[in-house]
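Handing you a structure now.
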Amino acid sequence: MNVLSGAMRYATPWRTYRRLLSYAREYRWLLVVAACGALLEAVAGSTFLALMKPITNETFIERNREVALWLPLGIVGLFLLRGIAGYITDMAMGRAARSIARDFRVCVLTKYFRLPGSRFDGEPVASMLVRLGSDSEQVAHAVIDAMKVMVQQTLQVIGALVVMLWYSWTVTLAILLVAPLLAWVMQRVAKRYRRISHHIQESNAQLMQAADQALSNYQDVKVYAAQESELERYARLANINLGLAVKVESTRSISSAAVQLLGAVGLAMLLLIAGHEALAGRLSPGDFVSLMTSMIAVIPALKQLTNVQNMLQSGIASAQRLFSVLDSPDELDTGRRPLGRARGLIEFRGITARYPGRSAPVLDSVSFVAAPGTVTAIVGRSGSGKSSLIKLIPRFYEPESGQILLDGHPLQDYLLADLRRQIALVGQQVMLFDGSIADNIAYGEMRQVVSEEIERVVVDANAQDFVNQLPEGLQFQVGVKGGRLSGGQRQRLAIARAMLKDAPILILDEATAALDNESERLVQDALQRLMPERTTLVIAHRLSTIKHADQVLVMDQGRIIESGTHVDLLARDGLYAYLYSMQFRERPT
């Protein structure tokens, strides 16, 4: 079977970030508003720094009473303007960030629905949930939140440098000699953050997967007293995650300390050169205070720009994980032949299929015909290829060689959506969704059916007795995965769903294997109403349920080794007769 390679190809960080920014295009007006707000913030901050000269010279040296009166009012006005501008920036950026996170979640889930079934075998659900959850949130941080910090603090630095250049360009240029060293520090920090961020996201997925397995199977964990081993496994993964988080904190702390040290070097140079300029009469006390205040304002801004690398690189790592999904090829859907309602003639011609990494095929030269209105039972030992064969009909997988025909045409000739409309599936593990009974029966494209149709199939599926006993009837909430219903009740709702779909092809995948006798009788009775006038394929675990099948296919190691009716196969005394006798032989008492 064709399966996507597990290898992930990452683009360069800059190309990834540029691609991320394309998702912000739809919200460019919000970003323009935010940029205007950030610019106003920077102007207000720079104006305050520039005012340090008149505050010092006019108030403390010249003792100008008029300036001493209007300066406090001007400062209050500046900070009021800065607060309003900051609010506008935060609101616009926040709305854009959350919108982008939502867009990524919807896009990625939409893409997962278009991927081939092999992807779901190769990637744990926990990893998918991490992509939809924290990865999407990290991307929003990288696109918007990191951008906000970079824009705000960069404008703050530029504004402070303009003030410094205005009052003494010689002092400012001398201080800027430390800029190349600062750029080198930030580059090294970015590379380290990016490397660690990839590992952290993978570690988060492993943590979620371990917790999901332990909690989903809590009954087995308790019965087999496996709490300690599960906790040890989870703690080991949590310790790995902790180690990575500590590396992030270590990198952040060291980079912040390095920036502060470079800032201190800049301040020392400022004091040295400014003192020389003051002695030469080229620098007033007000000039010096403005320079010093501007330099002090630059240091925390540079520190934030260094720290934003963590947010930015984590977002880029998450974006690369998301883009690895979005760039994966969709399941093949190249058919153009329209299909209203099929007759249901299914023909397998020399089908061979193989799982990746396995030399032996899971299906080997399988050929048979299932005529409309007939029941084809598929039996065999575990691992003989029964479920793999069934999954080829809705094209969840593609065969390696051979052809599968529906009504005389290859499955690939039909549109996937049209093909799957012809199929109803009832499996052993029935998946119900959190919602009402009515919602679970009238599922997907059947949502618009009238309530009378739902009530009819509930009766036909032998589900009316337990539905009528529920406090809200068809509006009863079944809970997550149908957890408020028994296995037999869930199975009958799945049959009701298949009845409502009224598809010409019915696939039953061991639909009664895990039921008690009473539930099995009710389900079998409902299936007898469902199967007539359809092409039915049954994977049977209990061989007593297929005695009346039109043909029985016996599989072993991916091949059909026997075929015929129940009576014919018993008479041949082959594998089918052996399996049947193993189920029904009398044991000595």
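The count begins at 1 with the first shown residue.
Glycine is treated like the rest: Cβ placed from N, Cα and C.
Swiss-Prot lists these features:
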BINDING   Gly380, Arg381, Ser382, Gly383, Ser384, Gly385, Lys386, Ser387  ATP binding site
DOMAIN    32-314  domain 'ABC transmembrane type-1'
DOMAIN    346-582  domain 'ABC transporter'
TRANSMEM  29-49  transmembrane segment
TRANSMEM  68-88  transmembrane segment
TRANSMEM  157-177  transmembrane segment
TRANSMEM  254-274  transmembrane segment
TRANSMEM  283-303  transmembrane segment
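Could you give the neighbours, burial and distances for every feature on this list?
Sequence-distant neighbours of Ser387 (ATP binding site) (same chain, 6+ apart, CB under 8 A from its CB) are Asp509, Ile539.
Here the transmembrane segment (29-49) has Cβ contacts under 8 Å with residues 75, 78-79, 81-82, 84-89, 92-93, 95-96, 147-148, 151-152, 155-156, 158-160, 162-163, 290, 293-294, 297 of the same chain, all six or more residues outside its ends.
Under 8 Å from some Cβ of the transmembrane segment (157-177) lie the Cβ atoms of residues 42-43, 45-46, 49-50, 53, 266, 269-270, 273-274, 277, 282-283, 287, 290-291, 294-295, 297-298, 301-302, 305, all in the same chain and six or more residues away from its ends.
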Using the Cβ center of Gly380, Arg381, Ser382, Gly383, Ser384, Gly385, Lys386, Ser387 as the ATP site position, which other residues in that chain lie within 8 Å, going by their Cβ?
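Output for this site, in sequence order: Met555, Asp556.
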For the binding-site residues listed here (Gly380, Gly383, Gly385), which one has the lowest count of neighbouring CB atoms within 10 Å of its own CB?
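Lowest Cβ count within 10 Å among the binding-site residues (Gly380, Gly383, Gly385) is Gly383.
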If you average pLDDT over the domain 'ABC transporter' (346-582), what do you get?
87
Give the residue from the binding-site residues Arg381, Lys386 that has the most other Cβ atoms within 10 Å of its Cβ, counting over every protein chain displayed.
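For the binding-site residues Arg381, Lys386, the Cβ with the most other Cβ atoms within 10 Å is Lys386.
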List the residues of the same chain that sit at least 6 positions away from Ser382 (ATP binding site) in sequence and have their Cβ under 8 Å from its Cβ, in sequence order, or write 'none'.
none
I want to check the contact list for Ser384 (ATP binding site): same chain, sequence separation of six or more, C-beta distance under 8 angstroms. What comes out?
Met555, Asp556, Gln557, Gly558
